[in-house]
Amino acid sequence: MSFQVRVKQNMQDLDNRLAAFPQLNSLEKNFGVSKLYVFLTAAGIYALFLFLNWGGFLLTNLLAFAMPAFFSINAIETTNKADDTQWLTYYLVTSFLNVIEYWSQLILYYVPVYWLLKAIFLIWLALPKFNGATIIYRHLIRPYITPHVIRICKSVSRQNAAPAPTASSFAHTTATDIPPSI
(Lines of atoms letter the chains of each structure in order from A and count residues from 1; the text may use other names and numbers.)
(Lines give C-alpha, C1' and ligand atoms only; values in the text may rest on other atoms or scores of the structure.)
Protein backbone atom coordinates (compact mmCIF):
# COMPACT_ATOMS: atom_id res chain seq x y z
CA MET A 1 0.00 0.00 0.00
CA SER A 2 1.43 3.38 -0.98
CA PHE A 3 2.06 6.17 1.47
CA GLN A 4 -0.65 8.33 -0.09
CA VAL A 5 -3.26 5.58 0.26
CA ARG A 6 -2.29 5.01 3.92
CA VAL A 7 -2.57 8.74 4.68
CA LYS A 8 -6.04 8.90 3.09
CA GLN A 9 -7.10 5.80 5.00
CA ASN A 10 -5.83 7.23 8.31
CA MET A 11 -7.55 10.56 7.64
CA GLN A 12 -10.83 8.75 6.91
CA ASP A 13 -10.41 6.73 10.10
CA LEU A 14 -9.76 9.92 12.10
CA ASP A 15 -12.79 11.60 10.50
CA ASN A 16 -14.94 8.63 11.54
CA ARG A 17 -13.61 8.83 15.10
CA LEU A 18 -14.25 12.58 15.25
CA ALA A 19 -17.89 11.92 14.34
CA ALA A 20 -18.38 10.79 17.95
CA PHE A 21 -18.06 14.42 19.12
CA PRO A 22 -21.36 16.31 18.70
CA GLN A 23 -19.66 19.72 18.96
CA LEU A 24 -17.49 18.99 15.93
CA ASN A 25 -20.48 17.66 13.99
CA SER A 26 -22.42 20.82 14.81
CA LEU A 27 -19.47 22.99 13.76
CA GLU A 28 -19.20 21.10 10.48
CA LYS A 29 -22.94 21.43 9.83
CA ASN A 30 -23.19 25.14 10.71
CA PHE A 31 -20.03 26.42 9.00
CA GLY A 32 -19.50 23.85 6.26
CA VAL A 33 -15.92 23.14 7.35
CA SER A 34 -14.91 19.52 7.73
CA LYS A 35 -14.43 18.44 11.35
CA LEU A 36 -11.22 16.76 10.24
CA TYR A 37 -9.82 20.09 8.99
CA VAL A 38 -10.90 21.85 12.20
CA PHE A 39 -9.13 19.20 14.26
CA LEU A 40 -5.98 19.22 12.13
CA THR A 41 -5.85 23.03 12.20
CA ALA A 42 -6.20 23.08 15.99
CA ALA A 43 -3.52 20.39 16.31
CA GLY A 44 -1.24 22.36 13.98
CA ILE A 45 -1.67 25.57 15.97
CA TYR A 46 -1.04 23.62 19.18
CA ALA A 47 2.16 22.15 17.71
CA LEU A 48 3.26 25.60 16.50
CA PHE A 49 2.79 27.04 19.99
CA LEU A 50 4.87 24.20 21.43
CA PHE A 51 7.55 24.62 18.77
CA LEU A 52 7.81 28.35 19.50
CA ASN A 53 7.62 27.65 23.26
CA TRP A 54 4.59 29.87 23.77
CA GLY A 55 3.12 28.41 26.93
CA GLY A 56 4.85 25.08 26.36
CA PHE A 57 4.88 24.07 30.01
CA LEU A 58 1.14 24.74 30.43
CA LEU A 59 0.13 23.22 27.09
CA THR A 60 2.03 19.97 27.66
CA ASN A 61 0.69 19.66 31.19
CA LEU A 62 -2.85 20.15 29.89
CA LEU A 63 -2.20 17.42 27.34
CA ALA A 64 -0.66 15.21 30.03
CA PHE A 65 -3.83 15.62 32.11
CA ALA A 66 -6.85 15.97 29.80
CA MET A 67 -6.73 12.90 27.59
CA PRO A 68 -5.50 10.50 30.31
CA ALA A 69 -8.10 11.83 32.75
CA PHE A 70 -10.85 10.88 30.31
CA PHE A 71 -9.42 7.40 29.73
CA SER A 72 -8.69 6.92 33.45
CA ILE A 73 -12.29 7.63 34.41
CA ASN A 74 -13.39 5.04 31.86
CA ALA A 75 -10.81 2.59 33.25
CA ILE A 76 -12.08 3.09 36.81
CA GLU A 77 -15.61 2.26 35.69
CA THR A 78 -14.62 -1.03 34.04
CA THR A 79 -13.53 -4.29 35.64
CA ASN A 80 -10.73 -4.81 33.12
CA LYS A 81 -7.33 -4.85 34.84
CA ALA A 82 -5.35 -4.16 31.64
CA ASP A 83 -6.62 -0.60 31.24
CA ASP A 84 -5.95 0.11 34.93
CA THR A 85 -2.38 -1.06 34.46
CA GLN A 86 -1.99 1.12 31.35
CA TRP A 87 -3.02 4.28 33.21
CA LEU A 88 -1.12 3.55 36.42
CA THR A 89 1.97 3.02 34.30
CA TYR A 90 1.26 6.22 32.36
CA TYR A 91 1.06 8.24 35.57
CA LEU A 92 4.25 6.65 36.87
CA VAL A 93 6.14 7.65 33.72
CA THR A 94 4.72 11.19 33.63
CA SER A 95 5.57 11.66 37.31
CA PHE A 96 9.14 10.74 36.49
CA LEU A 97 9.10 13.34 33.69
CA ASN A 98 7.94 15.94 36.21
CA VAL A 99 10.93 15.15 38.40
CA ILE A 100 13.24 15.58 35.41
CA GLU A 101 11.60 18.91 34.59
CA TYR A 102 13.00 20.39 37.76
CA TRP A 103 15.91 21.23 35.49
CA SER A 104 13.65 22.52 32.70
CA GLN A 105 15.66 25.67 32.04
CA LEU A 106 18.77 23.59 31.44
CA ILE A 107 16.79 21.16 29.27
CA LEU A 108 15.34 24.03 27.21
CA TYR A 109 18.83 25.42 26.67
CA TYR A 110 20.06 22.19 25.10
CA VAL A 111 16.75 21.01 23.58
CA PRO A 112 14.81 24.12 22.48
CA VAL A 113 11.85 22.09 21.16
CA TYR A 114 11.56 20.07 24.39
CA TRP A 115 7.85 20.86 24.91
CA LEU A 116 6.95 19.69 21.40
CA LEU A 117 8.97 16.50 21.87
CA LYS A 118 7.36 15.96 25.26
CA ALA A 119 3.87 16.39 23.77
CA ILE A 120 4.64 13.80 21.08
CA PHE A 121 6.06 11.49 23.75
CA LEU A 122 2.95 11.94 25.94
CA ILE A 123 0.68 11.07 23.02
CA TRP A 124 2.80 7.98 22.34
CA LEU A 125 2.58 7.03 26.03
CA ALA A 126 -1.16 7.56 26.29
CA LEU A 127 -2.64 6.16 23.10
CA PRO A 128 -3.59 2.51 23.51
CA LYS A 129 -2.65 1.92 19.86
CA PHE A 130 1.02 2.44 20.74
CA ASN A 131 0.95 1.23 24.38
CA GLY A 132 4.01 3.38 25.09
CA ALA A 133 3.59 3.52 28.87
CA THR A 134 3.66 -0.26 29.09
CA ILE A 135 6.75 -0.45 26.89
CA ILE A 136 8.58 2.08 29.09
CA TYR A 137 7.51 0.20 32.21
CA ARG A 138 8.62 -3.21 30.94
CA HIS A 139 11.97 -2.10 29.53
CA LEU A 140 13.09 0.75 31.80
CA ILE A 141 11.20 0.92 35.07
CA ARG A 142 10.54 -2.70 35.96
CA PRO A 143 14.08 -4.08 35.53
CA TYR A 144 15.73 -1.30 37.53
CA ILE A 145 13.14 -0.26 40.11
CA THR A 146 11.31 -3.49 40.99
CA PRO A 147 14.22 -5.10 42.91
CA HIS A 148 14.42 -2.03 45.13
CA VAL A 149 10.65 -1.95 45.66
CA ILE A 150 10.70 -5.61 46.72
CA ARG A 151 13.52 -4.92 49.19
CA ILE A 152 11.70 -1.89 50.63
CA CYS A 153 8.43 -3.84 50.95
CA LYS A 154 10.21 -6.64 52.83
CA SER A 155 11.82 -4.12 55.16
CA VAL A 156 8.50 -2.40 55.84
CA SER A 157 6.74 -5.72 56.47
CA ARG A 158 9.47 -6.69 58.97
CA GLN A 159 9.02 -3.36 60.72
CA ASN A 160 5.26 -3.85 60.85
CA ALA A 161 5.66 -7.40 62.20
CA ALA A 162 7.92 -6.29 65.06
CA PRO A 163 6.15 -5.10 68.19
CA ALA A 164 6.00 -1.35 68.49
CA PRO A 165 8.28 0.05 71.20
CA THR A 166 6.63 1.62 74.18
CA ALA A 167 7.56 5.06 75.41
CA SER A 168 9.31 3.66 78.50
CA SER A 169 11.44 1.20 76.48
CA PHE A 170 12.34 4.00 74.07
CA ALA A 171 13.36 6.26 76.95
CA HIS A 172 15.41 3.46 78.53
CA THR A 173 17.32 2.59 75.34
CA THR A 174 17.88 6.24 74.55
CA ALA A 175 19.21 6.94 78.02
CA THR A 176 21.61 3.99 77.90
CA ASP A 177 22.83 4.95 74.41
CA ILE A 178 23.98 8.39 75.52
CA PRO A 179 27.75 8.37 76.02
CA PRO A 180 29.01 9.61 79.38
CA SER A 181 30.17 13.20 79.36
CA ILE A 182 33.88 13.85 79.14
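Don't overthink the numbers, they just go from 1 along the chain as shown.
Any Cβ shown, glycine's included, is placed from N, Cα and C.
According to Swiss-Prot, the feature topological domain 'Cytoplasmic' maps to 1-34 (among others), an assignment based on similarity to another entry.
Through the fold, the transmembrane segment (35-54) approaches residues 11, 14-15, 18-19, 21, 24-25, 27-28, 60, 108, 112-113, 115-116, 119 of its own chain, all at least 6 residues removed from its boundaries and within a Cβ separation under 8 Å. The transmembrane segment feature in Swiss-Prot is assigned to 35-54 (among others).
Sequence-distant neighbours of the transmembrane segment (57-75) (same chain, 6+ residues past either end, Cβ-Cβ under 8 Å): 46, 49-50, 83-84, 86-87, 90-91, 94, 104, 115, 118-119, 122-123, 126, 128. The transmembrane segment feature in Swiss-Prot is assigned to 57-75 (among others); the stated evidence is similarity to another entry.
Residues belonging to the topological domain 'Cytoplasmic' (76-85) score a mean pLDDT of 81 in the model. Annotated topological domain 'Cytoplasmic' per Swiss-Prot: 76-85 (among others), in sequence order, evidence recorded as similarity to another entry.
Taken from Swiss-Prot, the feature transmembrane segment covers 86-102 (among others).
Packing against the transmembrane segment (106-124) from elsewhere in the chain are residues 46-47, 50-51, 53, 56-57, 59-60, 63-64, 67, 94, 97, 100, 130, 132: each is 6 or more residues past its ends and has a CB under 8 Å from a CB in it. The feature transmembrane segment is assigned by Swiss-Prot to 106-124 (among others).
For 125-182 (among others), the entry in Swiss-Prot reads topological domain 'Cytoplasmic', with the evidence type similarity to another entry.
Residues 128, 134 of the same chain sit 6 or more residues outside the topological domain 'Cytoplasmic' (76-85) yet have a Cβ under 8 Å from a Cβ within it. Within its own chain, the transmembrane segment (86-102) is flanked in space by residues 64, 68, 71-72, 75, 118, 122, 125-126, 128, 131, 133-134, 136-137, 141, which lie at least six positions past its ends and keep a Cβ under 8 Å from the stretch. Taken through DSSP, the topological domain 'Cytoplasmic' (1-34) splits into 26 helix, 0 strand, 8 coil.
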